[in-house]
Amino acid sequence: MRAVHLLLVLAIYITRTRSFNKESIKECAQVLSEHMKETFSKISHETILKQNYEKLVEEEQFDPRAELKRSKHRIEDYLKVRSQFAYKAKISLEARSVKNDTSVNDPQSKSFIRFMSAKQGNDGTTIYESNHLGKKLKVNETKSFNLTQNANFYTLPTSSVSSAVHIPTPLYDRNEELLRKIDWSDIDAVYRTNREETKDLAFQLFCSEAGYMRYYPAASWFWDNQDEHLDLFDCRNTEWYINSATNSKNVLIMLDMSGSMLGQRYEVAKQTTEAILETLSHNDYFNIMTFSKNTFLLDGCNGTNGLLQATMRNKKALRRKMDTYQSEGKAEYEKALPLAFSVLLDLKGSYALYTKEEMSMMSGNATNDYQFHLELPEHVLAATRQYIDSINNGGGDNNRGACENVIMLITDGAPNAYKKIFDMYNADKKVRVFTFLVGDEAIDFNEVREMACNNRGYMVHVANMADVDEKIHHYIRRMSRVVGRHYKESGQLSWWTGVYRERLYLPRPEVFAEPVPITNQSFAVMNKMASRRKIRLQKSEARSRMFVTTVSYPVIVNETFMGVAAVNIPLTEIAQKSHPANIGAKSYFFMLDQNGFVMTHPQLRPIDPVTKYHKQNYNNMDLLELEVGQNQNVRSSQKSQAVSDLVCESGANYAECVDDLRKAVRKMIIDCDNSDVQQLDVLYATELLDRVYPQTNTYYAECINHANFVLGLAVAKGDDYRIIKKQKKYDFGRVKMDWMGDKRWKLHPHWRYCFLNDTDTHMTKEEAFEIYAQQMSDSGKAPLLCEYRRNLVEKLLLDMEATSNLIDSWDTQYSYMKNNLIHLAFFSTPSGMIRYYNLTLQDYDYIDPYWSIFEHIGHLLSFEHAQESYNHFITDLNRKSTDDRYYRRAVRMKDTIMFDVSNNSKIWYKSETQLTGYGLNENLTMLGQAFKAIYLDKAVLGVSGYEFAFDHVVDTMAEHGCPASDDRKWCLLLDEHAYVFFSNQNDISYEDYLVGKGKHISQYFGGLNRIAQRAMALLVENKFYTKFTYTDNQAVCKAAKQVTLSAGRLRPFYHVFQFLMQTFNFMVRLASQVSGGYLIWLPNIQFTEAYTASFHEGTDVYPCPKQSSFYFSNKDGKNRPTSTHLVTGNRSERPCKMNAKCSVKIEAAFVDGTNLVMVWITQDKASENCYDESECSMDIPSAQVPFGFEEVKNDESCENLEKRKSKANDVCYSIDDDDSEVSVTNERRPCSLSPSSLVSIVPILVGFLHFYMF
């Protein structure tokens, strides 16, 4: 009972504190410190741990350069193997030829082609006759995927029976040409052999230029909308396909916004623009120009900085701006085309356009600066000699290294082909022109076709929204001819993508059995359901954040580009080749892609915690956007004589200086130059962005050969120490099963220690390692499947041996733990192992005893109605050791016991009459944790900690001068960031806290009320806390809804149009039934505002920097306060502007050895209404101690933006011999779709008009 606990606490302190003055905050804090340190010492067994480790390991100061090189070579070897597998697939495909069978759709023929459909999960199909009858034939399946959880795919259900084939929604899956190519690409034997060679080989892929994707092993398809089976994916839009299929591109999209581009035409134009943007990768650069009577470039600088890198951040930003423009006036091609060429080619010099009337009225010398004149139908173009020379020389140097220049014209027609303009700017045909004629009724084909055909391009007619996806890919096919023609130049050249979220790994929606009503017998069923769901969620966590990079090769047969063979590599696997266990606990590895964007970094937060969708800028973050400066001061050299000259000082040129220095740091890392390593004073933030820790990092970098990646290492000051085994060679024969016999240990769920067989999903990671440990003990050597991660396995075995007697040590403290309401102790190690000890407190239940089955009878059986239970701090909430929040906090505050309180776990009182520590009649208690990093001199051994019922804190504070009471004497414990760990106000409710409505606990102290606000200001002023400003460059903001609608004049008629389309749809369906069902396969999916996959999610938010002030404890600082009085002379403070009677004294003292600060706020006897907000309101916003993230409104600078060049663009295939009409076999190649081609896809267009509109 709690009464017994109170008596025990009382007895302990009577002897310890006889001379203890409870009216002195200094003495209270000192005695509390001694108690907390003693408790932690008894629970952690720190001395025993150090003695155990000293027998096995020793401290080593490592060389960061040498460790980085070792990691670099491991990663290179790992990537090389994956690259070879993709290359084997390429060679195998190129050795095959496409058969010319004509009976591929005849089930009775030997040539009938089946394939395993990713969407159906089997090889069954439905065939429609290509005639007016539309007769359909259903072909039954002969094989289906038997999907089982795969241990090597993070428990994703897969099948090795066959590869799966995905076909985009707009394509008919029984098209004969498509089927022949699907059959040609069946290289499952190669995929299977590759998979058998390497257990951790991820998905092997092939994307055909025809649109289908083959992947192995098979897995169920991830739908964009599961309920409606919405599928927006097309592998031809992926970065790995685009990179291999085309040269890198500078693209200018010209969007006709003339008065005729109204209603449906503009909607089609917008979708066409999105589809083009979808096909641009980070190796490409782009801008969008709208033109009518005026021309506008949609970037914030109106084109003055040329082209933007084709990141999702930039693409969505410009796409949003399209919605602010309206159709109006005439399309002024004579204004738009010269500007397009000028921006695209970065032309130097200047030009001017004059109407012929203006030209005739000008004096002879008015245009002396413009020596060149070109007469156009409506204008005269006058240009300077420099401008003409720039054209003749191929443009400026603003092409950012991309290989080809491309103009994409989206229009409903052009009055002229403007041959003079193209002859002037593009005489050598170096700029490709692709034209997209939009609208059902568009008839002006000739002019736009001539523009494309005369400039190495292609013209397509995009009749409606259903027409877009497939038509866009004609430009990719056109540009891929160059790759096919120059296949000998590519050799074994591989292409690597940046980071992206692989959809094949994403968790599928949970499918439950047919729902049944809850009965009195459902109790056990529901609890078992909830338990299994918890396990499923733990296993799928890694997959939900699965980001990959992909290596790809173009597949070329007879100089014809056929597609791209690829293998993707999960970044979590690459990260284990540069393992955090090999360096200091505060230091970290990071990786940059070929564009200098961050791939892996502990500060990268790619998932929006609200939407669970990846952020727009998740794969285009700059390193220095994550390495957030402490005070924007930067040191770019460790050379002492240079530092003083390089540190920026406040003044007019401060911002410019900081920018230059940060660019110097970035350049050093990109260039992998370790001759003069760089330093930055940064703030390291926790994942939830509620805490930041200052540290000084030194940066090192190594280039990853072949992949063009950069591996970096940030070593925190004083953190270049680690532990190593004393014996050079580990003796596996000394492994004892007793080390793991108690079963109370866990391994990092996302790290591989020893490889498993695909089918080993019935066992846990811990059970699997026990099997391998037994083999080690029996054979005296490491099993083959453990050799790949031998270094980590040896570290794990050392940690197991050193901590093997911890359970016995914890047993000796059973009574002490029980008396102090401690029910869990743990020790986490850098190897990813966590050893823990459970103790069940007698007065508490770990499953909600007040839950009743009868309250849920009548509902459908669901885990939502299951009995609530305790969330174990280790096994349920924190299994990732060094990657867990508490671990990262502990190692950043050396020699400090960290105290925290959790709102995601609780335990229940057994007695209904038991009161909380605050005296309230509630049936549960919160839980708190204490943890601390354990060191062997300067090297981290791990983090030790324990969990306790929060009642113990309330009872303990009552014996240290802070009993639960009213607000006359307000006593608090603040943590290292001024969050409230304890408050003695007696109306604090555990139940309210656990549902997010609590008072004081875990809240920022300075935001509680006016008294706390003033006290916080005094704490900062007296150096108890240091103020920092943190900028979150990964934040997102909600986009304001656009009130300006495009093509607004047709909006009143939208419902009429919708009625007509619904009527048309009904007639199509009726015709389908009459004709035997030929059109039945057409999708019946509701209208969706998003057109393409990338723009389907996250359209209502945009990236924006946000800033917040943080306050960090100065307990070890040079200016640590010596007085406990926050006001000189211990005078009273009157913080209320509207209440002169409020008078308080404020004191503070560090609780040494912990992260806590004790604060007392005592009201004078005559003081009144200090906490009445109507008489003592807060300063909002607070000028002295602001807190909370707010958007940073930066003025968009349009000068000297950094020109980022991709390392991937070093390879360019020449287009000089690329003729748009004649192939290498002297066949005529059209530069536009023929009318017959248009007629052949009419049924598809009709169906997909319904798909996109309703």
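Placed from the backbone N, Cα and C atoms, the Cβ positions cover glycine too.
Checking Swiss-Prot for transmembrane segment across the ranges 205-225, 1234-1254 points to 1234-1254. Listed in sequence order, the residues of the same chain lying 6 or more apart from N923 (N-linked glycosylation site) and placing their CB within less than 8 Å of its CB are Y850, W908, Y909, E912.
Sorted by the number of other CB atoms within 10 A, the glycosylation sites N140, N558, N838, N1130 start with N140, the lowest. Each residue contributes its Cα atom, and for N757 (N-linked glycosylation site) and N558 (N-linked glycosylation site) those atoms are 40 Å apart. Ranking the glycosylation sites N146, N757, N903 by C-beta neighbours within 10 Å puts N903 at the top. Of all the glycosylation sites given, namely N100, N140, N146, N558, N838, N1130, none has its Cα within 10 Å of the Cα of N903 (N-linked glycosylation site). Each residue contributes its Cα atom, and for N558 (N-linked glycosylation site) and N100 (N-linked glycosylation site) these two points are 16 Å apart. Of all the glycosylation sites listed here (N100, N146, N1130), N146 has the Cα closest to the Cα of N838 (N-linked glycosylation site). Ranked by CA distance from N1130 (N-linked glycosylation site), the glycosylation sites N100, N140, N146 have N146 at the top as the closest.
All chains included, 8 other C-beta atoms sit within 10 angstroms of the C-beta of N100 (N-linked glycosylation site).
N146 (N-linked glycosylation site) and N140 (N-linked glycosylation site) have their C-alpha atoms 17 Å apart, to the nearest angstrom.
Classification of N1130 (N-linked glycosylation site) by DSSP places it within a helix.
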